[in-house]
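Here is what Swiss-Prot records for this protein:
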TRANSMEM  51-71  transmembrane segment
TRANSMEM  93-113  transmembrane segment
TRANSMEM  118-138  transmembrane segment
TRANSMEM  187-207  transmembrane segment
TRANSMEM  217-237  transmembrane segment
TRANSMEM  244-264  transmembrane segment
Amino acid sequence: MTIGSFFSSLLFWRNSQDQEAQRGRMQEIDLSVHTIKSHGGRVASKHKHDWIILVILIAIEIGLNLISPFYRYVGKDMMTDLKYPFKDNTVPIWSVPVYAVLLPIIVFVCFYLKRTCVYDLHHSILGLLFAVLITGVITDSIKVATGRPRPNFYWRCFPDGKELYDALGGVVCHGKAAEVKEGHKSFPSGHTSWSFAGLTFLSLYLSGKIKAFNNEGHVAKLCLVIFPLLAACLVGISRVDDYWHHWQDVFAGALIGTLVAAFCYRQFYPNPYHEEGWGPYAYFKAAQERGVPVTSSQNGDALRAMSLQMDSTSLENMESGTSTAPR
């Protein structure tokens with residue numbers, strides 16, 4: 001064995017040890033930093049003020065649903081456009097939190113079980129709840145302030161079809177108080193705004209996780225991202241078909257939900273088309289503080305393949321007695 005081959009072997013052994021140490025540090029971080037057991041409480045405690053604000057938003061949302069809306073003047077001439085049938089909801093109100101909140105959380109948990117990143121799980125749930133609750137508060141605040149009558153207001157006001165008006169030509173309703181109250185909450189659509197808030201957040205989350213915009217031309221990924229948005233659109237259409245909302249109500253609700261969801265998502269995650277769009281900001285910050293380079297799973301596989309290839313080349317050079325050291 002030549003002196004050059006000896007030093008090449010020594011250098012290769014040293015590099016191998018450094019690589020093993022680096023892998024060990026990365027594995028240690030993956031196992032100890034990103035789990036609920038080790039850092040779940042710490043992450044939640046760091047965002048305790050956010051959770052307090054969420055509780056306040058819930059209280060505001062409950063209060064907005066208890067107070068009476070503005071009883072806008074409704075005259076006899078206006079009743080022609082408000083005489084649509086009083087139908088049941090195609091999408092029941094109880095189902096909205098199920099598909100707009102519970103379903104996305106189930107998806108978040110599935111990704112957590114695969115990657116065990118507590119930052120991702122915590123921030124996705126927190127961002128989703130902020131999206132739907134802020135949307136709900138905005139929607140119901142506008143509902144209460146505007147008091148726009150629903151398309152089926154006539155049958156809420158006059159369930160027996162017997163019309164009654166005051167001296168100014170305004171309606172004097174004799175229907176159930178709760179139905180008349182609900183009849184003044186047309187603008188904007190709550191079903192639609194909640195649907196777009198929760199499902200737009202889910203769509204953005206999925207697009208980042210599956211790298212839907214990585215310029216590789218996988219249309220199947222795009223279909224998966226579009227599906228939640230399509231579901232939200234169908235909910236909005238059902239509100240018009242059921243004569244519970246005017247089309248303007250649905251459009252406004254969709255706009256509110258989409259914008260709020262996008263803003264809330266970007267508070268915790270990079271753009272889905274970004275190289276680091278697959279993870280939350282906090283994940284990369286934690287890794288950076290520990291001096292560990294973080295890549296996506298795909299990039300990690302590529303780096304490992306390159307490392308194995310370099311190791312294989314070095315071994316071949318050693319066996320052939322060829323030095324790789326600079327001459």
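Each residue's number is its place along the chain shown, starting with 1.
Cβ atoms here come from the backbone N, Cα and C positions, even for glycine.
Source: prediction; values computed, not measured.
Among 51-71, 187-207, 244-264, 187-207 has the largest number of CB pairs under 8 A with the transmembrane segment (118-138). When each of 51-71, 93-113, 187-207, 244-264 is checked for Cβ pairs under 8 Å to the transmembrane segment (217-237), 187-207 comes out on top.
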